[in-house]
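Peer 1: Checked TrEMBL, it gives:
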- 147-202: coiled coil (COILED)
- 243-270: coiled coil (COILED)
- 342-410: coiled coil (COILED)
- 488-518: coiled coil (COILED)
- 544-613: coiled coil (COILED)
- 1-26: compositional bias 'Basic and acidic residues' (COMPBIAS)
- 217-227: compositional bias 'Basic and acidic residues' (COMPBIAS)
- 635-674: domain 'RING-type' (DOMAIN)
- 1-29: region 'Disordered' (REGION)
- 204-241: region 'Disordered' (REGION)
Amino acid sequence: MEGELEKKRVKSEDEGPIAKKPKVLDELSEEGPLTQGDVVYFKKEAIWRQMKAYKEKSRMLSRQLENVQSLYETNEKKLNVLDSWYGQVINLIKFDTRDSDLNESLLIRITNVGDSELDSTLEERRVKLLEILGPIVDNSKIPDVEKGDLLKKIEELNSEVGELKTENSTLNKLKSECASQIEDLQNQVLSLMKQIEREKSATLKRVDESMSNGAEVKQEEKPDGSSETKNGQQQDKVDSEEYEKLHIKIEELKGENELISKQLEETKTKYQDFFKENLEIKDRLDNLSESDLKNHPSYQEVLSNNQHLSQRVSELQKINDSTIQKLQDMEGARDDFKNLINKELSEECESMKVQLEKSESDLARIRTARDELLSKQSILKSELEKGASHEQLDKMNKILNERIKSLESQREGDYSDEKLNELPKEEVVKRAGMLYSEIKEIEQAFQQTREISMAKLASSTEQESLIKKLTVEKTKADQKYFASMRYKDALTAENKVLKSQLAKSQELVNKLNELEKSYNSKIQILTKSNAEFKAIKESSLQENTKFQETIKTLTARKSGLEQELSRLKSSLQDKVKESAAMEQDLSSSRLTVEKLDRKLRSTESLLKKYKSKNTSSILQEDEKQLEALRAIAKCSVCSKNWKDTVLTVCGHVFCHACTQERLAARLRRCPSCNKGFSANDLLSIHL
């Protein structure tokens, strides 16, 4: 609801003053007792004053928010630029280091970070920076000669750091005191603005005028004046004297109120002057001149960093030259080693070729001798086998001859001469014919058997000779096979040896190629780094000149800032004294106001006594008006508490207790107009 009201107000401000029809309750009566319209106008004006106070607070908060937002955006841009720079440095410079070789004391470890992703990215960036900074710090060891000077410088820096810390602590205390004083002044200004708005309010003036007019009404004569006594006349005189005293005191209070308002205006003008001076100081701090920057600690730090960077560049240049010299020496050693290995390999290859040719010639000679011996052995074996076959044939002939002789002797016994003589001649002739025929048949059979045996003998001899030839060939082939297998085994063994030697030589060649590639890559990296270092050196020299110029400007600005700071400190002390005096004046004015309030209460009690003793119709009307005003200022629901809470939906005002009771009882409707409201529609006011 407040957002809608704010939008409506902004829209009305943007549109400008538009002629509207005057509403019934937009005008305030000038004379006479207060009407219901005056009461509504009074309520609306109280709400409007509170809304203006809220608007002023929101403007202040929006300014602070804009400043914080601008600071956040600038810091975000700076962080992004620094992050990109760190990424470029990490990508350009790389060293082969292990996790165990990292120097953990160089960079602070980030812990207790809420965002785990941020913690992991920072840890990864820290490890990469340690990989880069570790070798650089190890290479740039400080010699013992410079340690004494460095210790002196460190002691001086520690003393300066202690002084700066004390100065920083005092400045922080002053800053906190100034911030609290500024906050108190802002609260005082807001309260004074509220008082000024109340003083400018037409309704409050109208109520004060009505109360003063009611008090200044002249006494009228009673209808039964004849019955007045002397004591009553004396009491009227006393009351009139008291009234005159009260009137004088009220005039004094008005004068004191005017003085307080003047003091408030003066404090407001002083606050505006302070605010303008603060803005001017901020502008000067944002746009520092060269004189302001001289002898500034940050500028000195930049100068020391520049010197350190120049030293580092010179050291890196020396390291680069030494690495190039080492690389050239390593390249020469590599070439010598490569030539030596190639020479040894060629000599070993030539010796192995000579040994191989010699072994091949020996092998051919051994083979020919072996073949000759094997042929001689086969011939001797065949001759031995031939002699054995002849002996067997002789044995068979002897056996056959013996058989023939035995058969002949047997036949001779059967056909002896005595028997033949005994036989007749025909029988003998017959038997002789038969014998002759048998002899012919036997002769034919013998011839056939002889031919067959001779043929078989020839075929057997041929087969035996063929078998012998085949066996000889087989033995030769077996010998050749076994010799070839042995030669194959020897060749395979030699081949394995040669393959192993070739593999070793190939491995050596590969290793040499890899070393050559690594050396080439290192050479390229070193050349690139050399070029980059040269560029860095040139840029550092340029930056050095720029830094020297900025040092001059910073020293000049620093002197100006120190003077400005001393002046501001003196002015701040004066302002603090003035604010203390103003606070004393305010406390005294508050005491006077409290005294006046007490006097006012006493005057009210006297007026009550005066009213109780005076029974005229005019006083009754005054009492009625006062009661009407009290009824206006008190809650219309409980008629006990004062009105301090307004419903922004309809504008009706009630006490805080009644609104909370209705919210707790879920009676969320206005008792006057029956409009619905919620807890967000309540607005506290001060009547």
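Glycine is treated like the rest: Cβ placed from N, Cα and C.
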Peer 1: Mind checking which residues of the chain, 6+ beyond the ends of the coiled coil (488-518), have their Cβ under 8 Å from one of its Cβ atoms?
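Peer 2: The answer is 334, 337-338, 341, 345, 348, 352, 356.
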Peer 1: Averaged over the coiled coil (147-202), what pLDDT does the predicted model reach?
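Peer 2: Average per-residue pLDDT within the coiled coil (147-202): 70.
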Peer 1: Looking only at the domain 'RING-type' (635-674), how are its residues distributed among DSSP helix, strand and coil?
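Peer 2: So the domain 'RING-type' (635-674) is made up of 9 helix, 7 strand, 24 coil.
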